[in-house]
Amino acid sequence: MGNTVRIPSELIPKDGRFGSGPSKIRPDQIEAIRSGAQSLMGTSHRQSPVKQVVASIREGLSSFFSIPDGYEIALGNGGASAFWDMACASLINRKAAFGSYGSFSAKFAQSAHRAPFLEEPVIYESEPGTFRLPEFTEGVDAYCWAHNETSTGVAAPVERIPGSAEQQALILVDATSAAGALPVDIAQTDAYYFSPQKAFGSDGGLWLAVLSPDAIERAQAVEASASLEGARRWVPPFLSLTSAVENSRKDQTLNTPALATLIMLNEQIQWLNNNGGLAWAVARCAKSSSLLYSWAENSEYASPFVSDTSARSQAVVTIDIDGAINAAQIIAALRDNGIVDTAGYRKLGRNQLRIGVFPSVEPHDVVALTECIDYVVEHIQQ
Ligand SMILES: *Cc1c(COP(=O)(O)O)cnc(C)c1O
């Protein structure tokens, strides 16, 4: 390296964490562990003090998402990746259709493709930087796509696929980097699932899902059929959605959770709800992301990667950099100045910055970031 750019301190954001997940954790969330919940750490998750935290998370999310009657919040260990396998084991009956337009949406489709007891999935693909919803398909009992494709910064609509209700198909939406940042009408989904290390600014390792009564009924039926004599299907206990639901109803998880993750998540949900809930969070992310997109549009060397303005994510902003400038050098120089995790998704392989602007990120820090990038580009040694 040798020729590091030193950014003047008055330009540096107050907080330099711009990761797309893991993402910035607010100091108050750390404080919630240190002071408020210190006596909880190292205690049983089957006892009331920890169960109260889980109850508060479930109530807080129910109100945050204004969930319809009969819907409920379930949670368990393993993150959104575990939920994909759980959906393959206990939600997809025989055959699913997928929208696939980036690393994350492709991975869930791949899990279904590999599951020996499911029929070959139908995959509706589109190029990175665009989205494609799964289309109505005969014989399908679950439609799956990502609300926000974190690898490319693309946001997709969340609405029931026409005809899917008549075939009693479920709508399973990966909301990992969307939940808490993008608007949603939960009634359009049967499972809206996510991990807490993105918009909820907590640690990873947990999955959460808003489940419809139909999703819960489906899991019960699938798991009952798998336990019949001679059934080819195996639902590993860890991937049983009905066990997860039963435990969640008791404000517990199937197996031991990381308490710090729960405590920080709970703090964030309270903070979001106290500030105005989902509408407030959505507006804040819209503001931060539009600061970045308009900066890029007016820049001589940067431009938004996603050309369809209505598909540009409000939570994960991807910015292409002119080929004459090496984005990796910008990213390294920013990191040397304490501004971290601005790299594009590795496998996408573009000369790109990717910036997470979840609710915890201050919009004025986003403005400071654009000034820092301009400063670095001006002073970098090509
Ligand atoms: C981060 C992410 C995942 C994976 O989440 P884990 O908690 O690491 O399993 C899945 N889908 C999307 C859209 C993501 O952004």
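Cβ atoms are placed via backbone N, Cα and C, with glycine included.
TrEMBL: automatically predicted annotations, no manual curation.
Long-range Cβ contacts of ARG46 (L-glutamate binding site) within its own chain (separation 6+, distance under 8 Å): GLN252. The feature L-glutamate binding site is assigned by TrEMBL to ARG46.
Annotation source TrEMBL lists pyridoxal 5'-phosphate binding site at ALA80, SER81, PHE104, THR150, ASP174, GLN197, ASN255, THR256. Sequence-distant neighbours of THR150 (pyridoxal 5'-phosphate binding site) (same chain, six or more apart, CB under 8 Å from its CB) are SER20, GLY21, GLY102, SER103, PHE104, THR176, SER177, LYS198, VAL316, TYR345, listed in sequence order.
All chains included, 28 other C-beta atoms sit within 10 angstroms of the C-beta of LYS198 (N6-(pyridoxal phosphate)lysine). TrEMBL lists LYS198 with the feature N6-(pyridoxal phosphate)lysine.
Among the residues ALA80, SER81, PHE104, THR150, ASP174, GLN197, ASN255, THR256 said to bind pyridoxal 5'-phosphate, no two Cα atoms are farther apart than 28 Å.
With respect to ligand 1, the binding-site residues ALA80, SER81, PHE104, THR150, THR256 contribute ALA80, SER81, PHE104, THR150 as residues with a C-beta closer than 6 angstroms to one of its atoms, given in sequence order. Neighbours of ASN255 (pyridoxal 5'-phosphate binding site), defined as other CB atoms within 10 A of its CB across all chains, total 13.
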